[in-house]
Every structure is written in C-alpha cells, then in structure tokens.
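Single-structure report; data block below.
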C-alpha cells in the first residue's frame, strides 16, 4: 500500500525500542493500554467494524481460513484462538468439526470476551468453548497443549509480535498448525488507491456515525499500514521456528492468510 511503513517496532535513536499506535510513536509501556482502550470502545460493534474495514469481505475470508485449517472431527482435538474475543473464528471451528473440537478463546480485552460469551450461549456452543483473559505474549498454557493456533485481525495489535509468534510455537503440539488472517499489503495498484481512499476517509466517518467514535477507527486503519508486508511477516513466522510457511492473498492483498507448521 502506498502508506505502508513496515514493522511497527523499531530501534530508536537512544537505543531503545520504539512502538507505534497507528502512525503515532509511543512508549512501549503505553501501547497495550491504548490498544485495550480502542477495543473496549468498539467491542459491542466489532462485527460492524470488520464489515467497515473489509467491505463485508471478512466473512468470506474467515470461511476460507477455516476451510484451509480443516478442523478435525475426532474427539479431543483442541484449538487456541488468540485475540478471538467475540468468537467469530472459534464458532466456525466448532461447527466445522461437527461440534467435536474444543476451542480456547483467549483475549486480553475483557469487553471483547464478554461479547463472545453472550454470543456462544445464544448459539448453543458454550460447552465447546473456554474463555481466557490473557496476553498473546504470555500464554497461560503448558508447552504442546494445542493442535491448532488461530489469530484473526489481532496480531497487528500485539506490541511484540515476535513474542506472540514464539508463544504460538511453544503451545502447539508437534505437527500443530498456525494460521493468521490479517489485513495486509494491496498488490493491485488501482485497488491500492481506492482502498486508501476508503480506509482513511470513509471508514473513520462511518465509524463515527455508527458508534460516535472516529479516533478508534482511524487507529485501526493506521495499524494496518504499519503491519509488515506478506513476505516480511512470513519471514517472522519462520524465525519463530515454524516450517512449511506459506500465505494466500485475499481480494488483491487487502488481507492475507499465513500458515505454518510445528514439525
């Protein structure tokens, strides 16, 4: 994308690690709190947010993610969905497994988890799910605990992406699968310009109309532009120890689905 700036974290002039909150440079200690505040504000309208960010395509991309994961229908198969508070991915996994899978939904934001719990009860899926409030950088699970690890539109908000990837590798069983769906770099020049106009001008305005909050939506757009390109993120996944790393672009690169295996 024309405003892509690569990885959000970089070494500053004083030798310390700088972090960004959207396009704004912030201290490492500030970032998580700022991100949490955004998601407290948008939790009740999270599906609306994703519809705005993707023009409704996130539903198609998530279905494709689950198809590529191909959850097992054998009893005892387990999956960890990180930053999955409202349950979109976890619900799909449970249904695709014939309601055999057990999915742990982990999110650092209690408001998001609250929405997920309510939705799970309404869908009759609560028995297949566990909700855990914790950080992606410090997963409260033993080594080799899960058959699959998923994260959808969440990893770009983690202050230390490398730590989250290392933790993903740690908690997966040998032979386990890592899948990450995230907004990415548009690779079609014409679509790039159109998407920039939509993202930076339309989304914050519509977000304000629907939720009364334009700033949160501006941050979410900016955070996409700060996220690593497809190839760079694939290299980070490999560095964490994963093998057979690959990715698929959706809608010209507006989103990308990365895959890796713990072998």
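All positions are counted from 1 along the displayed chain.
Cβ atoms are placed via backbone N, Cα and C, with glycine included.
For the recorded site, residue 152 (S-adenosyl-L-methionine binding site), the DSSP three-state label reads strand. Annotation for residue 152 (S-adenosyl-L-methionine binding site): spatial neighbours 62, 65, 81, 83, 84, 88, 89, 180, 181, 182, criterion Cβ-Cβ under 8 Å with sequence separation of six or more. What Swiss-Prot lists as S-adenosyl-L-methionine binding site is 86, 107, 152.
Using a 10 Å radius centred on the Cβ of residue 107 (S-adenosyl-L-methionine binding site) and all shown protein chains, the other Cβ atoms total 27.
Note on residue 86 (S-adenosyl-L-methionine binding site): other Cβ atoms within 10 Å of its Cβ, all shown chains, come to 27. Maximum intra-site Cα distance, S-adenosyl-L-methionine binding residues 86, 107, 152: 12 Å.
Sequence-ordered, the extra residues of this chain that approach the S-adenosyl-L-methionine site, with Cβ no more than 8 Å from the Cβ center of 86, 107, 152, are 46, 81, 83, 84, 85, 87, 88, 89, 90, 105, 112, 116, 153, 154.
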